[in-house]
């Protein structure tokens, strides 16, 4: 919004032209989201407490977590509000990628809100039935995936509907341009063409998978939000690179017209995340809830797809990946051994992985900070792919 005002006033106020620079607006978006979060945070926490929107702790979780019962939850709404206001203030409203990321973010946020509502109102720690939750995640992810298959492939300011009709007319066999290929990091010219159906399938898996992965990681005070901030910031750098003709050509990345504007949104996520961490650090005054975790995961996955860094997201979000794999391995092994031996056996003391270390004697703060350190190292490895090719 402010960019449009700046363009309108640019002839009279020359200095305001600085807002044409994406990097400047990214800094301002981060600062705005941070300020909104810090100012509104105490009021939101107080309101959640008055409304008795408290966390319902699972009975089979670590015993040390029982003291968290009643801590205000659904604080992820604060993050979403800060991100939305900051992005709408500083981003270019004509950019299609900004809107699709915002819509996916709030779509998954709505799913999380409904899930948290069931937990709070009905005092059901399990929340929304798994099948119902997955249905809505799959639906939103599929719609976004189909849209992005053509949005990423299209030249700047091109209508997408004619491209979709051309794909249907081709018998669903129309190839996508090379910039929509799956990029393999650390190699200069290695990429794999996906086609529309392959692109949609991969995009769907990345968006839905990342959303659930962040949600599974959000089990300790501050554990999920800091890796989200780091990964989101790194994706903002990738967005800036692939969204510029000069940088993308020099660093051998595909040029994605309009992607650079996502740096503003990524900066807003980082600022809002840091503000939330102020209140979510141990001992947490508020929890993110599914409304925040599902939304942020969906945002990261969508941005990674747009900037064509799905594999790099897998690297940088390694903490999210390992947490998810630990749950999958635990459940699969337990069911298999129960069928074979009549009694389920476990690989980990408890899943997700952060509980395994908690039960093993690590303090909650030790688990969190060590996972942060690992996440930082993985993000640096991901950023190194900008040059190590």
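Glycine is treated like the rest: Cβ placed from N, Cα and C.
Under the heading transmembrane segment, Swiss-Prot lists 21-41 (among others).
The transmembrane segment annotation in Swiss-Prot covers 71-91 (among others) and is backed by sequence analysis.
Long-range contacts of the transmembrane segment (97-117) within its own chain (CB-CB distance under 8 A, at least 6 residues past either end) are made by residues 73-74, 76-77, 80, 83-84, 87, 91, 127-128, 133, 136-137, 140-141, 144, 147-148, 151, 207, 211, 215, 258-259, 261-262, 264-265, 289-299, 302-303, 306. Among the features that Swiss-Prot reports, transmembrane segment is placed at 97-117 (among others).
Beyond the transmembrane segment (134-154), the same-chain residues lying 6 or more positions past its ends with a Cβ under 8 Å from any Cβ of the stretch are 96-97, 100, 103-104, 107-108, 111, 160, 163-164, 167, 176-177, 179-180, 196, 199-201, 203-204, 207-208, 211-212, 256, 294, 298, 302, 305-306, 308. As annotated by Swiss-Prot, transmembrane segment applies to 134-154 (among others), with the evidence given as sequence analysis.
The transmembrane segment feature in Swiss-Prot is assigned to 167-187 (among others); the stated evidence is sequence analysis.
Per Swiss-Prot, transmembrane segment is recorded for 190-210 (among others), and the stated evidence type is sequence analysis.
Under the heading transmembrane segment, Swiss-Prot lists 222-242 (among others). For the transmembrane segment (222-242), same-chain residues at least 6 beyond its ends with a Cβ under 8 Å from one of its own Cβ atoms are 22-23, 26, 214, 248, 251, 253-256, 259-263, 265-267, 269-270, 273-274, 276-277, 280-282, 284, 288, 293, 296-297, 299-300, 303-304, 306-309, 312-313, 316-317, 319-320, 354, 367-368, 371-372, 375-376, 379, 382-383, 386.
According to Swiss-Prot, the transmembrane segment annotation covers 259-279 (among others). Counting only same-chain residues 6+ beyond the ends of the transmembrane segment (259-279), those with a CB under 8 A from a CB of the stretch are 22-23, 25-27, 29-38, 41-42, 45, 75-76, 78-80, 82-83, 86-87, 90-92, 95, 97-98, 101-102, 222, 225-226, 228-229, 232-233, 235-237, 239-240, 242-244, 285-286, 288, 292, 296, 299, 303, 306-307.
Annotation comment: Swiss-Prot describes 286-306 (among others) as transmembrane segment, evidence class sequence analysis. Residues 41, 44-45, 48, 55, 68, 71-80, 97, 100-101, 104-109, 111-113, 115-116, 127, 137, 140-141, 144-145, 148, 151-152, 202-203, 206-215, 217-218, 224-225, 228, 231-232, 235, 239, 256, 259, 262, 265-266, 269, 273, 276, 279-280, 312-313, 317, 320 of the same chain lie 6+ residues outside the transmembrane segment (286-306) yet bring a C-beta within less than 8 angstroms of a C-beta in it.
Annotation source Swiss-Prot lists transmembrane segment at 311-331 (among others), citing sequence analysis.
Annotation comment: Swiss-Prot describes 366-386 (among others) as transmembrane segment. Using a Cβ-Cβ cut-off under 8 Å and counting only residues 6 or more beyond its ends in the same chain, the transmembrane segment (366-386) has close neighbours at 185-186, 220-223, 226-227, 230-231, 233-234, 237-238, 241, 251, 282, 309, 312-313, 315-319, 354, 357-358.
Long-range Cβ contacts of the transmembrane segment (21-41) within its own chain (Cβ-Cβ under 8 Å, at least 6 residues beyond either end) map to 3, 78-79, 81-83, 85-87, 89-91, 236, 240, 243, 260-261, 263-272, 274-276, 278-279, 286.
For the transmembrane segment (167-187), the residues of the chain that approach it from at least six positions outside its boundaries are 149-150, 152-153, 193-197, 199, 202, 253-256, 308-312, 315, 382, 385, 388-389, judged by C-beta separation under 8 angstroms.
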